[in-house]
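*Asks:* Take a look at the following structure, please.
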Amino acid sequence: MVSTLSYTACTVAESCITALMVAIMGVRLWLRKYRHLPFAVSDYLTMIAIDCSSRPPGPQAMAALKKSAQLFEAQTYLWVTYLWLQKAVVLLFIQQIWGCLPWPRIWIRLACAYLILTFMATIIIYTNTCIGPVHHPGLTGRPPSTSENSSQDSYRLIFLLSSMANNEGVANCIGSKGSLISYVFLNTSTDVVLILLPIPWLIRVKRSWSKRLLLIGLFSIGLLAAGASLSRAFLPGTQTVNTIIYLFEGTLAALAANLPMIYSLRGRRARSASPAPSDPECSTPFPQPPRPRAITDTEIIGDSNETDTDTPSEHQNTRVSSQASTEPLFRRELNL
């Protein structure tokens with residue numbers, strides 16, 4: 001049944017799933033605006049991910065596609081960028097909650113470095129595998145593909161993510177033995193790292209076990225995205241199978257990146273002047289500096305005479321409290 005899906009059915013499914021992905025990310029941004037919370041770095045990355053997943057090709061891009069398939073090359077870069085942007089959103093959410101603790105801060109920095117390295121490695125692998133003399137569209141006269149029947153599929157002008165999913169050239173290019181293993185390993189390993197990173201601190205949160213399991217489940221959605229990426233190594237690389245894998249992978253990546261933030265914003269009120277911290281372990285109040293105390297000349301005179309007195313009564317008599325006494329007409333303040 002899967003192998004008999006028509007091009008129209010694939011296009012309709014891709015358009016609906018793409019709209020769902022944009023809606024998930026849009027709900028996150030709307031909740032931030034509705035709760036009167038300022039946009040963070042992760043929100044701006046989400047905006048870029050929306051642009052990467054839903055932008056249709058313009059007239060210049062379509063002309064370039066017909067001439068030298070430059071849009072085909074850009075699509076894969078944007079697809080990889082979309083996936084790693086969603087991973088970065090998850091990491092920034094973890095840093096926002098547990099970044100104030102010493103040990104999580106160290107692991108978060110290591111995960112950030114690993115995320116950057118895997119993104120660069122994926123781009124380099126694709127560039128060396130799919131953009132070379134053998135695959136160069138200017139030399140071959142067609143988009144990189146190993147199948148003559150897929151040349152028509154390479155010129156489909158639909159949404160950016162949809163055409164990326166439908167293009168067999170992408171599947172054959174990334175699906176080569178070396179690049180497939182590298183891509184699946186890098187993509188899956190980053191998902192696993194982001195899933196395992198918050199688990200130790202989620203277990204220690206002072207909440208009921210039902211809420212702990214719910215939070216763990218929200219962060220574990222990435223396991224499904226990792227499974228979708230891993231299935232690419234075991235399933236045949238046909239057009240329909242690749243379409244389904246790309247749609248599942250993109251949707252699950254959007255859910256894993258945005259559902260935890262949507263869950264945390266669902267019942268939060270508008271931001272006040274002194275917002276409460278998101279984690280009780282990070283709510284240690286900072287010590288306030290002592291306020292300066294004003295000391296008058298009368299107190300200085302009384303303290304200087306205190307050493308010459310033997311009884312409390314004599315000490316009280318040295319204090320001048322009348323304006324008709326020797327108290328000056330102005331005060332001299334000392335900041336202690």
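Note: Cβ is positioned from N, Cα and C throughout, glycine not excepted.
So TrEMBL says this about it:
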| type | residues | note |
| --- | --- | --- |
| TRANSMEM | 12-31 | transmembrane segment |
| DOMAIN | 67-235 | domain 'Rhodopsin' |
| TRANSMEM | 76-94 | transmembrane segment |
| TRANSMEM | 106-126 | transmembrane segment |
| TRANSMEM | 213-231 | transmembrane segment |
| TRANSMEM | 243-263 | transmembrane segment |
| REGION | 272-336 | region 'Disordered' |
*Asks:* Any idea what the model's mean pLDDT is for the domain 'Rhodopsin' (67-235)?
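*Replies:* When the pLDDT values over the domain 'Rhodopsin' (67-235) are averaged, the result is 69.
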*Asks:* Would you kindly list the residues that approach the transmembrane segment (106-126) from elsewhere in its chain, counting only those six or more residues past its ends and only Cβ-Cβ distances under 8 Å?
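*Replies:* Non-local partners: 76-77, 80, 84, 87-88, 91, 94-95, 98-99, 173-174, 179, 182-183, 186-187, 189-190, 193-194, 197.
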